[in-house]
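Residues annotated as signal peptide in Swiss-Prot: 1-23. Swiss-Prot lists GLN24 with the feature pyrrolidone carboxylic acid, giving similarity to another entry as the kind of evidence. Residues or ranges marked as N-linked glycosylation site by Swiss-Prot: ASN39, ASN106.
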Amino acid sequence: MNYTSYILAFQLCVILGSSGCYCQAPFFDEIENLKKYFNASNPDVADGGPLFLEILKNWKEESDKKIIQSQIVSFYFKLFENLKDNQIIQRSMDIIKQDMFQKFLNGSSEKLEDFKKLIQIPVDNLKVQRKAISELIKVMNDLSPKSNLRKRKRSQNLFRGRRASK
């Protein structure tokens, strides 16, 4: 009898430990509140296919997936910003935004502020467009993988060193 109790307790721990739903119940409740408010469980929502899920499936590498996720999170932050005056769903949006903030930006308020600044940059403003084009070379250089540059410099130095010793 005692042995059976230990096995059942162990199985319960494994099930609860592997289930993310157990510790995230309030988060899911808030999503359910938003689904009810927007009538998002209605079958017509599926018309035209999913908005983000198919795109997420296409990206397997973690670094690539982060790029897509940043665009999706940006969309949700814009959506919540547009609905900020709606008191009926404000609490739900705040809880979900906080959870996104923790998961995507690792709780860094500096990252959140920078992320919000980027979201709010108007692309139809001529001055903004001119600044963006002016900064494009530096942005492109920043996008280049730095590890390859280091490897290239290292191999060039090794090659030069061999040539100099002959």
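Placement of Cβ uses the backbone N, Cα and C atoms for every residue, glycine included.
Between the C-alpha atoms of ASN39 (N-linked glycosylation site) and ASN106 (N-linked glycosylation site), the distance comes to 31 Å. In the structure as shown, the Cβ atom of ASN106 (N-linked glycosylation site) sits within 10 Å of 9 other Cβ atoms.
In the shown protein chains, 9 other C-beta atoms lie within 10 A of the C-beta of ASN39 (N-linked glycosylation site).
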